[in-house]
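Among the features that TrEMBL reports, domain 'Tetrahydrofolate dehydrogenase/cyclohydrolase catalytic' is placed at 4-119. For 138-288, the entry in TrEMBL reads domain 'Tetrahydrofolate dehydrogenase/cyclohydrolase NAD(P)-binding'. The NADP(+) binding site annotation in TrEMBL covers 164, 165, 166, 234.
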Ligand SMILES: Nc1nc(=O)c2c([nH]1)NC[C@@H]1CN(c3ccc(C(=O)N[C@@H](CCC(=O)O)C(=O)O)cc3)C=[N+]21
């Protein structure tokens, strides 16, 4: 059994990006500039946005945190987005999800300039991804593809079962694994909350990608020997004995499933850190595309 070490791999990728930033600087070019829009102050969102800002500093990107009040109106948020779209100094930005209930998420995502949409959530970029064109691949699925590639996990002709059809993980993941190329060329089954007899699919899977948010959902008796496991779940479970007051749990019962797996991602230290690295990779791409224009 081999651990797919997202912490280490994300550090490798960040070092590669940092080296590119140095050569951009040496050539007198402009360094990539990423902004994150955070509405309100959800604990997990703050953690994520915080590590993003820290990573930007680490690799030499410019970064801006746009912190807005929980009760901001949709119109005011749209005005802010227009400002970011027009900011010549900014290469890419993300609007941290989920947004407060009174704001229409779809309306906000549609307002983001696709050329600055480093999350790859805009329909234009989602379509480009599905059509195998150059674009921003959503960071979590992109990070998973990088882990599969760098650890040389075979995907061609394999049966990949994705659990969860969210727009930011499960759905794009199913598309990427079915695309031509390596990693890819997989036969994909996309399962979700209305799937019947889920275990019949997972038991026949060569690769399982879970993005469910149910701690320790996937048990040892639901998988076959040699399976490849990608665990996207990150749920904070209260734990008074821990100094933070919580522990982070994945969707996979690691103790049981790791005994049968050929490759497996840990939680934490698996897919999560890769997400941040790939957001930075997308921002570098945004800068390169803008400098070509
Ligand atoms: N517009 C937008 N884009 C996103 O990409 C986006 C988002 N909204 N909203 C929330 C989710 C979640 N997400 C994570 C990124 C990194 C870790 C991460 O680094 N996790 C660490 C643990 C961090 C902790 O202590 O909580 C790990 O797994 O090792 C987790 C979650 C990005 N998301």
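Every residue, even glycine, has its Cβ placed from backbone N, Cα and C.
Checking the binding-site residues 164, 165, 166 against ligand 1, none has a C-beta less than 6 Å from an atom of that molecule. Residue environment of residue 166 (NADP(+) binding site) contains 15 other Cβ atoms, counted within 10 Å of its Cβ in all protein chains. The residues of the domain 'Tetrahydrofolate dehydrogenase/cyclohydrolase catalytic' (4-119), classed with DSSP into helix (H, G, I), strand (E, B) and coil, number 61 helix, 19 strand, 36 coil. In three-state terms derived from DSSP, residue 165 (NADP(+) binding site) belongs to neither a helical nor a strand segment and is classed as coil.
As a whole number, the greatest separation of Cα atoms within the NADP(+)-binding residue list 164, 165, 166, 234 is 16 Å.
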